[in-house]
Amino acid sequence: MAKIVFLSGAGLSAPSGLSTFRDNNGLWDEYDLDVVCNYQTWKKNFSIVHEFYNKRRMQLKEVKVNKMHEKIAEISQKYEVLNFTQNVDDLLERAGCKNVIHLHGELLKLHCTNCDYKINFTLDDDLEFKIAKCPKCNDNFIKPSIVFFGEIAPLYDMLYTEFANLQKDDLVFIIGTSGAVININYLLRYSRAKAILINLEKNQYIDESLFDKIIYKSCDECVDEIEQIIKQWKS
Ligand SMILES: [Zn+2]
């Protein structure tokens, strides 16, 4: 059965009010990314790392799903879908998506780097990790389950494999990603699927010639176009 693959990035959650490190505002200006997202030094900067991720986690209570999260959830219920995202928020899940593949981790999760003990927050919790030893092994280093700079992203293998195995009647939506972190051109060069790009604007990283259709708009403003594309694809 033909399938639909979504690969989303920060542009998907931007209309919900979540800023990213490429925007210049708020939280991201207060902290040095080289300190709070760095796998080589995070243990040394332990308390500031957790302060930063506690604040980001608490921001989740202030944001809501947008129309594109809802559209992806609706499509996921009707078709065979693979839902890759670089986003660490829980908005796709809140919209009703199951089995979201979070390539860069999840804000609501932490784990012990020694024994892999897991802490899962829900939005009903106060979302602040009060720095403590691992309750299972007593290790000092519980880490946000976010892929830091310099850390291996374990799910990239799956991403590359899935794209390489796509068939020509499959459909790919690349949504709200600059292509600066994940090389979209590389993924599409090895994929046979029809590909659609939805981004706010043209950028230097993405090769437009690899796409069958390009929409430069805020992603919450093109759900009707998505519907049309899927209708055409099905017929
Ligand atoms: Zn532990």
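Residue 1 is the first one shown; counting continues down the chain.
Each residue, glycine too, has its Cβ placed from N, Cα and C.
Listed in TrEMBL for this protein:
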{"type": "DOMAIN", "residues": "1-234", "note": "domain 'Deacetylase sirtuin-type'"}
{"type": "ACT_SITE", "residues": "His104", "note": "active site, proton acceptor"}
{"type": "BINDING", "residues": "Cys112, Cys115, Cys134, Cys137", "note": "Zn(2+) binding site"}
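Structural mapping of features recorded in TrEMBL.
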residue : record                       : DSSP (3 states)
His104  : active site, proton acceptor : coil
Cys112  : Zn(2+) binding site          : strand
Cys134  : Zn(2+) binding site          : coil
Same-chain, non-site residues whose Cβ lies within 8 A of the Cys112, Cys115, Cys134, Cys137 Cβ center for Zn(2+) are Thr113, Asn114, Asp116, Tyr117, Pro135, Lys136, Asn138, Asp139, Ile142
Other CB atoms, at most 10 A from the CB of Cys112 (Zn(2+) binding site): 20
Local confidence of the domain 'Deacetylase sirtuin-type' (1-234) - pLDDT mean: 94
To the nearest Å, how far is the Cα of His104 (active site, proton acceptor) from the Cα of Cys137 (Zn(2+) binding site)? 25
Which is it, of Cys115, Cys134, Cys137: the one of these binding-site residues whose Cβ has the most other Cβ atoms within 10 Å? Cys134
A correct count of other C-beta atoms within 10 Å of the C-beta of the residue listed as 'active site, proton acceptor' gives 19
